[in-house]
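So that you can see what the record holds, here are the features copied from TrEMBL:
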- 6-24: transmembrane segment (TRANSMEM)
- 58-79: transmembrane segment (TRANSMEM)
- 99-121: transmembrane segment (TRANSMEM)
- 133-153: transmembrane segment (TRANSMEM)
- 165-185: transmembrane segment (TRANSMEM)
- 206-229: transmembrane segment (TRANSMEM)
- 241-267: transmembrane segment (TRANSMEM)
- 279-305: transmembrane segment (TRANSMEM)
- 317-339: transmembrane segment (TRANSMEM)
- 351-370: transmembrane segment (TRANSMEM)
- 376-397: transmembrane segment (TRANSMEM)
Amino acid sequence: AVVGRLGALSLAGLAIGGLILTTLSSQMTFLSYGTTARSARFYGAGNRQAAVAEGVQATWLALGVGTAVILGVQAFAVPLASVLAGDADGGEIADAATAWVRIAIFGAPAILVSAAGNGWMRGVQDTVRPLHYVVVGFGFSAVLCPLLVYGWLGMPRLELPGSAVANVVGQWLAALLFFRALLVEKVSLGVQPAVLRAQIVMGRDLILRTMAFQACFVSAGAVAARFGAAAVAAHQVVLQLWNFLALVLDSLAIAAQSLVGAALGAGQLGHAKSVAWRVTIFSTLASSVLAIVFAVGASVFPAVFTDDRSVLDAIGVPWWFMVAQLPVAGIVFALDGVLLGAGDAKFMRNATLISALAGFLPLIWLSLAFDWGLLGIWAGLSTFMVLRLVFVGWRAFSGRWLIPGT
């Protein structure tokens, strides 16, 4: 909303720059999801020290990978932004994206450290402190962002780059809080190759799954950019809202990861199954309520994010697709959490790859070929979600994920 009031060009630059950062950092979601599943099983089996050790090793991975990401993006920021933005608006979108991402990428190690911290702390059933840490980081960033973007209270007016600086500061603040949480556990902070190898093996399938997601969303952003600044800005507004709502619904899925993993670690298969169905019911109800709220507010809510008339004119199509997808997403995200908590990474990889290749990607690129615009892009996302629903629903009913022990 802060950047949106700088105009369509800044919002489009943020869309492309944010896509680069999100794509890279989200490839390491196994630092959160994989660590939660492994830590929870150890915790359920009564071995808290081993559960926390998973977090230590995940944090080492986060620092190493994050540093490599910084170096890579600094070297390739210009071609990455140019490829994604194309020649839209004479290359100005690519220039804005490059300036933003060169600053924002310094938060990559912090993002990954926070993901690792969330993973092990959820695994030991501590969901309060991670929330506090993330809220502190985001809150500080949210306060700092308008000060730096608009130059309020004597701060320099940095415009779009100011939002990147605010993000980096908030991300490192949260990461420092997660570092402190590890220190107070008084476990060994050294590298343990055996644990690292086990995490990487599980992470392999989760990374491939995430790559399928990102191939779709990168393609969607790139194609939207070729329809002009207003189209990509409208796509960005709705996609960011969609991502936020996904995080809201993910709160139930994350609970499922932790509780299912602990139940399976303790050998309590009946309890694991009970948790799975309760979480799915609650998530379906919550997503349906959200769909109603955003349907009723369709004429009002978009103006909160931008006052650019061209963006508001383009936002209707993706908005209604988002509303229609929410009930489906509630079921899918809940069952994702159940299966991830069970460590069913191989199945999740295959289901996501098939859904992406058969549903999302074809419609994205057909949209470019036949000039379907945002209608085709968001139809692809809807098809992707429905296919995932079929796969995870079948797997949940099959019971093949109910495997006890560590």
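Quick reminder: no glycine exception, Cβ is built from N, Cα and C everywhere.
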Contact set, same chain, for the transmembrane segment (133-153): CB under 8 Å, 6 or more residues outside the stretch: 2-3, 6, 114, 117-118, 159-160, 162-163, 165-167, 169-171, 173-175, 177-178, 181
Proximity of the transmembrane segment (99-121) to the transmembrane segment (376-397), 3+ C-beta pairs under 8 angstroms: no
Result, the transmembrane segment (376-397) in contact with the transmembrane segment (317-339) (3+ CB pairs under 8 Å): yes
In contact by Cβ distance (the transmembrane segment (6-24), the transmembrane segment (206-229); 3 or more pairs under 8 Å): yes
Intrachain residues whose Cβ lies under 8 Å of the transmembrane segment (376-397), provided they are six or more past its termini: 216, 220, 223-224, 235, 238, 276, 280, 317-318, 321-322, 324-325, 328-329, 331-332, 335-336, 338-339, 344, 347-348, 351-352, 354-356, 358-364, 366-367, 370
For the transmembrane segment (6-24), distant same-chain residues with Cβ under 8 A (at least six beyond the ends): 69, 73, 77, 80-81, 84-85, 88-89, 92-101, 104-105, 107-108, 149, 159-160, 163-164, 214, 217-218, 221, 224-225, 229-230, 232-233, 235-237, 239-240, 306, 308, 310-311
